[in-house]
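Student: For reference, Swiss-Prot lists these features for the protein:
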type	residues	note
BINDING	464, 465, 482, 599, 622, 623, 624, 625, 635, 636	S-adenosyl-L-methionine binding site
MOD_RES	664	phosphoserine
REGION	552-565	region 'Positively charged region required for RNA-binding'
REGION	657-685	region 'Disordered'
């Protein structure tokens, strides 16, 4: 009898064991399915669970078993318990996703711990408005205000906060004050000030969503530290939670939460927040192992997008450094004031602007451009037209001895063997000018700063500058010299030794004025030395970039020992305190090369603009250097031509045997008359 009773007991125990094992297996599979469905919302839920279980096993001395690989989700989206819970909550409240978890009155009561402050309400409203811009694009304070005013869900307390904080200036001041406060306190927004119709406005350039979330009420952020209850419909499915561990049934039946509360990324509760029972630091309260499970469902955390990356400590440090390196409003004002002062300093005065206007070409610009294709034939071929452009063109010179296959001559119109050179040469095509007829009469090219009567006629003296008496010439405002430096090359003219240059009587020519000294090659350092010996201080340097007949930079020059020279230098020295026009011209001249050692004619117009109506002297000149208002000295000039009576008299007294032209000079120019007393004083001295 006892045997039958024992057998029946064993059978009952075996059946109970089978049922329990099946139930455990069913619940285990259900848990795995639930984790699989939650993994798309919380990607790191499995590692967080394993970490919690591993920590629990270290305290309970039980072996740790990692979570097995999750199966594919088997539940359709519309039947998923989480989706079902969200749908029921939305039907219950009848609001959007933001009001699904927290009542609006409760959100106001928890807003930053200061629900009665209008600033806190306005900051929360502005932060909520900015967070809704996904993806974020820059906006201004006026747009934010319009969005807040047009919000149908705005409560009277929020509208009153806008009015109270804005005061007499209106709600726009409240929005801008809140933005500035948020930028200064935690750097959650990046702002820039601008003006609209004379009124200052604020532009929001960028936002930090992590920091903006802190402006919202705690319950709205999804990271509460209190065990708040979220009311849910009674139709939410309940499950039996075991008292022996995760996935094992127990004797007590409690409503099973769909997810645990706390941080949405880790799923952990805050540490040590239960009234009784020991909890692990920073982990979820394990039900059935330590303490008691809560007798209510836990609140749902806000979903975290799977593509959102957690900010690293290095990124936070960079944000802090960027915030610290930003200029304050006071620094920006000081910088703006400094820029305005610099602008005022560098802005030309009315006198300087009027002086520069005097030297502009009268009648407009008369510059004529050269065609980039050189000849009319190439111009028509490249443009695909039967008519060439209206720019200046060249014409190829093809002689009987020309070999077109050799290409263009390197020296072009400066070639010294034009009659026998086999390379192609060019000349300016004048057919366009002849067909167009005579040009419209325009005013002279020379600027209207000196008349012909003021400048006077050109004067020159053929002499040996090394032994000529410079003291009879008087003093000059401008001296230009192009010495025949000894550069150890074969030149078509004589040169001067270095010591002869150093001992020239140049100091007697000026007391207050400028000197322009042309140098080349090794003579650059010698020229600087001569300026210092003559009593000048070098202040500038002019560069002449040489171009050929086709307006291209020359590549085969006749000067240069190591490299072909495509430029020349002119040193500028100053003595005394002359009156000059500053900042009129530049220090670069681009001009065509002509005869050997001939300098560009642009120099004469430039020097006239720098010191108009001053006496000007050119040393080592040739006949092509003779210009109105200039006195030229050199050994390649045609005799002596002097117009100024005082200068003629002094020259005849010193050199009676030399004839002076013209025999009866015309009336002296006004410029020579004005400078005559100065010249006599220098001779007397």
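In case you wondered, yes, glycine gets a Cβ from its N, Cα and C as well.
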Student: Indicate the candidate from 464, 482 with the smallest number of other Cβ atoms within 10 Å of its Cβ, considering only these binding-site residues.
Tutor: 464
Student: If I take every residue in the region 'Positively charged region required for RNA-binding' (552-565) and average their pLDDT values, what number comes out?
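Tutor: Mean per-residue confidence for the region 'Positively charged region required for RNA-binding' (552-565): 73 out of 100.
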Student: Since the record lists 622, 624 as binding-site residues, which of them has the fewest other Cβ atoms within 10 Å of its Cβ?
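Tutor: Fewest other Cβ atoms within 10 Å, among the binding-site residues 622, 624, is found for 624.
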Student: Within 10 Å of the Cβ of residue 664 (phosphoserine), how many other Cβ atoms can you find? Include all protein chains, please.
Tutor: 4
Student: What Cα-Cα separation, expressed in whole Å, is found between residue 622 (S-adenosyl-L-methionine binding site) and residue 664 (phosphoserine)?
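Tutor: Counting only the Cα atoms, the answer is 24 Å.
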Student: Determine the C-alpha span of the S-adenosyl-L-methionine site listed in the record, that is the greatest distance between any two of 464, 465, 482, 599, 622, 623, 624, 625, 635, 636, in Å to the nearest whole number.
Tutor: 21
